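Novice: Have a look at this one before I ask anything.
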Amino acid sequence: MQRWLLRFVVLIAALALSGCGAYEFRGTVLEPPNPAPELPLNDQFGNEFRLSNYRGKVVLAFFGFTHCPDICPTALGDLKRVMEKLGKDAEKVQVVFVSVDPERDTPDLMQRYLAAFNPTFLGLNGDRAALEKAYKDYGVTVIRRDLPGSGLGYTIDHSGYIYAIDQAGNWRLLWAHGTPVDDIVSDVQALLRNPPRS
Amino acid sequence: MRRLFVLFAVAMMVVGLAGCGASQSGTQTGGITVRDPWVRAAMMNMAGDQSGAMGNMQQGNMQSTPMAGMQSHGNMAGSAVSAAYMVVVNNSNTADAIIKADSDVAQSVELHNVIMENNVMQMRQVEAIEVPANGQVELKPGSYHVMLIGLNRDLKEGEEVLIKLTTRSGKTIEVKAPVRKP
């Protein structure tokens, strides 16, 4: 009888704790959260993109390129599944794919590449200076490597993090490549549950 | 005579086993077998229309650049890519390797590897993918893959792509890889 009581108390305590917002993020938390640097770029449909237009939404950003047949589709496939698992909450999330290969990531190619995952994903490209600044601001490594003898001509070594920007435009989290989809979903749900006050 | 019979029996078993994976179209040649092949679905650009892709990308003066000119630079700008994955098994006592891959779905088919260092992804072309004796190598996302560069057609889920692998030992393996969602 006593054991049952103990179990009951532990259960209530656990529920209370989880209710207190004591959620522990699975991704790397950026403390304190700073305003996410603007991404003054254009999307694959030729529309101007500004992060500041996405206040009220959680923005998930990944830096990659369309001639990346392996890692980038894996990350985008994960993000696709994140959106599916979020269900209705996916409306409050915007995924952006920032080009690290502006020369080859033509709007046409970006459209086709991203449509294969989720038609709402935006592929961002822009002038060299704006992109270079974005890489620097977000700490993204982008190194062009020539591949002599390859039909590709060159490839781009690049960081594989996914970044989360909250509803107030603060850069809150990053996930390393290969983070389980469920962990990302759980973190995004936590951001949506507790919108920042601003 | 008896050895021949054993060899025959083993060969039949291998064929039988390979047949189990028939839906995956695994194929075997000599000591090397391939199982669970698949290709990532992908869309090519503007039906291979160079001016279409280039037109979006560059100013008008680039539109007149002939495709031949692009190829001479070894750079198929604006072309779509995909990758094929599979498990290559070596059933023999001799190490072997995949040294070449061909397919008619792409203008260029290459062997590539991805190395991850400090969460920075680096893709590199490799000359060969080694398959240890009595071992296997897995071609999978984030690792070795057969890279399809300059797709000649869209790769849609449910279709099959024929890929020919050449081993260092001089064998050719035909793999029918189903197309899966990215």
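Heads up, residue numbers simply count up from 1 along the chain you see.
Cβ coordinates are placed from backbone N, Cα and C, and glycine is handled just like the others.
Annotations in TrEMBL come from automatic prediction, not curation.
Here the structure is a predicted model, which means the values were calculated and not measured.
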Novice: Looking at the disulfide bonds in TrEMBL, identify which of A:Cys20, A:Cys68 pairs up with A:Cys72.
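Specialist: Candidates were A:Cys20, A:Cys68; TrEMBL matches A:Cys72 with A:Cys68.
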Novice: What is the total of other Cβ atoms whose distance to the Cβ of A:His158 (Cu cation binding site) is within 10 Å?
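Specialist: Excluding its own Cβ, the number within 10 Å is 27.
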Novice: Which residues does A:Cys68 (Cu cation binding site) neighbour through Cβ under 8 Å, counting only same-chain ones at least six apart?
Specialist: A:Asp101, A:Thr155, A:Ile156, A:His158
Novice: Tell me, by DSSP, whether A:Cys72 (Cu cation binding site) is helix, strand or coil?
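Specialist: Note: A:Cys72 (Cu cation binding site) is helical by DSSP.
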